[in-house]
Amino acid sequence: TMQATLLLLVLSLALGAHGLSAKKCSLIGSWSNDLGSNMTISTIEKNGNFTGYYLTAVSDTTNKIQVSPLLGSQHLTNQLNQPTFGFTVHWNFTDSITVFTGQCFVSDDGKEVLKTMWLLRLHVDKFGDDWKATR
């Protein structure tokens with residue numbers, strides 16, 4: 001089950017590090033975290049916007065988990081090799097939305113790592129239940 005608290009996720013690039021000598025971190029690629037969730041980002045536009053897909057390995061719904069689209073933006077600065085970013089996942093199998101924010105790092109051993117925090121918003125039927133809708 002998901003805890004009603006912020007959770008630090010570490011996503012690791014499955015394809016290996018790009019440009020080790022420049023210590024440049026790229027969001028493009030296939031990523032997985034320690035819980036078995038997978039994310040794929042194929043391109044980043046010139047303005048920093050990107051799209052992709054997220055397949056979570058964890059859910060507190062009984063619905064069948066499905067690949068869900070994500071939409072995000074990366075901070076663009078010419079001198080920034082380890083960019084900050086954010087993205088939203090619109091879950092296809094439940095009526096909730098999750099937003100992620102984080103930064104792309106290159107570790108000392110050359111591995112690209114995304115450090116992220118997330119907030120999930122559940123749908124509730126009435127205003128009085130708002131208190132339990134954000135995790």
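Glycine is no exception: its Cβ is also placed from the backbone N, Cα and C atoms.
From a predicted model like this one, the values you see are computed outputs, not experimental measurements.
Feature list (source: TrEMBL):
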DISULFID  Cys25-Cys104  disulfide bond
SIGNAL    1-19  signal peptide
Cys25 (disulfide bond) CB neighbourhood, other CB atoms within 10 A: 22
Taking 10 A as the limit, how many CB atoms besides its own sit near the CB of Cys104 (disulfide bond)? 23
